[in-house]
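Working notes for the structure below.
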Amino acid sequence: MKTSSILIDFLKRNWYKYLLGFLALVMVDLLQVYVPRIVGKIVDSLNTETMNFAELKIMIGWIMAAASGMFLGRFLWRYFLGGASRYFLLETMNRMFSKMLSLTPGFFDRMRSGELMARFTNDLSLLRRVLGQGAILLFDSFIMVLMVFIFMIGNVGWKLAWISFAPLLLLVPTSMSFGRLIHRRVADVQRSFSELSGFTEETINGIRIVKSFSSEDVSFGIFEEKANVNFRDTLRAVKVSSVFRPLITLIASSSFFLALLYGGRAVINEKITLGDFIAFNSYLGMLIWPMMAYGFMVDLFQRGRAAMRRMDTIFTAQPEVKEPERPVKIDHFKSVIIRDLTYRYPGTDRPVLKNINMKVKRGEMIGIVGSVGSGKTTIAKLLMKLYPVERGKIFINGVDINDISSEDLRRIFTLVPQETFLFSDTIRNNITVGMKNVDEKEIERVTKLAAVYEDIMSFPEKFDTVVGERGVTLSGGQRQRITIARALIRDFEVYIFDDCLSAVDPETEEKIISSIRNSMKGKTIIVITHRLKVLKDADRIYVLDDGFIKEEGRHEELLSRDGIYSRMYRKQLIEGG
């Protein structure tokens, strides 16, 4: 569904709010243009001495009543129009986030996180302004100009009204031209500020690296350069605004000059009264903002259209992995068979996997090894249905993986990836993400299996220790082991460990894998690693090279062949790994 369809659907469901807001605007504008007429009558009556104090109080009472009505009307149109735009923001934000969660990793590979955040903040906020401020400008400008011009003609005649009104017509193209220019300048300021704040955030996150390499001067130099660029862009924006506002004042003043010149002569010649002349000047003042608003409104709607196109990159995106219309239900894991699997990532020509054939049975420990870029992680992602299987087949319990829903599959399979991610929360909450009322003993059990329990107990707050943003207060090995504990606390049947212990020493990795296997009998474990000693008890090991499976067998069997595995193992022994 496109953003425009979401917008139309929202307007259909909330049309009455805009109708009530429109009626409130009409009431405010009608009362606003009526006040100068009352003031004009008061001036004429006082000037001709035909009004007593009691009549003056009545007239003042009418002005007070009009002011009260305007207060009520302004509250109502802000409530209905502004409130409706806020509801739109909430609904669309929820829809966008829900849509984003349904997309597969391929989408996030193409989109930078900063661009996605801009859709949720800048673009969505801009569209809210179109539905709130834009709707107000559209209704109010049209109604106000129409009513004021009618009252002006009624007060002083069409000739003087047109003479004084003509310069104000220049406000529309002036506001549009400067609005676009100001928008570009402000966009430059936002872009340079984004780069400045991004670099600042990056430096803060990597302050330990900056310190360890004594690169404070280099970092400050880059920061100073980006700050200067932002300062220059800000000055350019200020210069445009500095010309725009006085120019608007000049155009508005020229209208008043003409009104004074021709209107004053009309008063002298007694063609209009002094009260009419004062009311007429009040009406001219009322016209300035609506005429400017036309230019702002056009610019706002143009920017809103651009925001809708950018938001469409999320709303119209389709997950590469299609969910089956009639999924086959699987309750327990029995086997995986990969047959003639070839895969290349979208936008690339070279396959990362070529004619892969593998099998995994319930309760087995399977090892997958190979050089960097050989396709190990891709197999894990395909087993988790994160990317589509197009050439070849993957069968789960004899069922094509494309016929199994992702939800069913991920109740059985879990992947502990290379990249660790911890929330800025307690260790307890990072382990039990999304779970409620988890027994303390269960948390202790999985942290002991992941060999991180003693580390946690050494912290003053133990499981309630807040780990900081992305787990910055923990070491790399501690973050990896907490991530493993997070997977172990959930009762999956197949665990895929994708080189997720690279930051711990080989002995600890071997101990963790051995403990997990011994304590989780009947569970299936797939270990992707570059440390071969961990796999000495594996039921089967697959050796990948350049996307192909070059060797297959048990640890001792592969060592005896004097092939790729054997050479990798000897090299690791020499290097102490």
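Any Cβ shown, glycine's included, is placed from N, Cα and C.
Marked as domain 'ABC transmembrane type-1' by TrEMBL: 19-303. Under the heading domain 'ABC transporter', TrEMBL lists 336-571. Look at TrEMBL and you will find 20-39, 59-77, 135-154, 160-182, 243-263, 283-301 tagged as transmembrane segment.
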Long-range neighbours of the transmembrane segment (59-77), counting only residues six or more past its ends (CB under 8 A): 20-22, 24-25, 27-28, 31-32, 34-35, 38-39, 41-42, 51, 136
Cβ contacts under 8 Å made by the transmembrane segment (135-154) with residues that lie 6+ beyond its boundaries: 18, 21-22, 25-26, 29-30, 32-33, 36-37, 77, 81, 85, 161, 164-165, 279-280, 283-284, 286-287, 290-291, 293-294, 296-297, 300
Stretch-averaged pLDDT - the domain 'ABC transporter' (336-571): 87
